[in-house]
Amino acid sequence: MSPYVAEFIGTAVLLCFGNSVNAATTLKYSYANGAGWIVTTVGWGLAVTFGVYAASAVSGAHINPAVTVSLAISGDFEWVQVPGYIIAQVLGGIVGASLAWLQYLPHWGKTEDQGAKLGVFCTAGAIDQKSANLVSEMLGTMILMFGLLMIGANQFAEGLNPLVVGGLIVLIGMAQGGSTGYAINPARDFGPRLAHFLLPIKGKGSSKWNYVWVPIVGPIVGGGAGVAIYGLAFNSTTSILGWACIAITAIAIFYAIIEEGKKK
């Protein structure tokens, strides 16, 4: 199997399960409606676990453009493969989200809240303040990449690594996810957002394209900062791109703090 096909399948598995968890806890007549944030975060953690199981033997199971770009920044992945991986991940996200839509086909028309239906597919800030939302995505993905590299530096019994990665996702969701819905993965947001735009979802409303840059730029820059900080902490070195990601993250944090301080 091609690594690109593996990335497609792994990301499709991730979004099929993840978006289905969102649908189950959100759509009006679902038995799981109102199950809450704990169910959502655990569900997404398991979705990542099984997405990793699906792809890890072939492609390394990035299933996330931020992971792919960050590993290229750190020198652990070839830049020439980055575009193919990202295309496969986004296409997998579209297919996985479409499967979740089919799973709950009669429920969409019974749920009046357009924002809730969009939230099944993609993310948004709990408070509409894009500078702060960008920082949240940067920090969440910084923690993700730092954590993934720490996990990779340890030895686990064969087959346990994806479970540990899933646990990291659950923890990030519980701790950092409440501000933006923790995309921490451009394919997890852009692919399903595009599916929301294209699918004939009853009463769906806008796909909110004015927000899409936040869960793309935030995770990619934050992930790059995460691998750079890990490299500095454990290897006393990082790349120029790593330093650039750290600098951009610092500027974004400073700007968000200044913007918040201007509010009355």
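Note that Cβ sites are derived from N, Cα and C of the backbone, with glycine treated the same way.
Quick caveat, the model's predicted, so the values are computed rather than measured.
Copied from TrEMBL, the annotated features are:
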| type | residues | note |
| --- | --- | --- |
| TRANSMEM | 82-102 | transmembrane segment |
| TRANSMEM | 138-157 | transmembrane segment |
| TRANSMEM | 163-184 | transmembrane segment |
| TRANSMEM | 211-234 | transmembrane segment |
| TRANSMEM | 240-258 | transmembrane segment |
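The stretch in closest packing with the transmembrane segment (138-157), judged by the count of Cβ pairs under 8 Å and taken from 163-184, 211-234, 240-258, is 211-234. For the transmembrane segment (240-258), same-chain residues at least 6 beyond its ends with a Cβ under 8 Å from one of its own Cβ atoms are 73-74, 129, 131-132, 134-135, 138, 142, 221-225, 227-229, 231.
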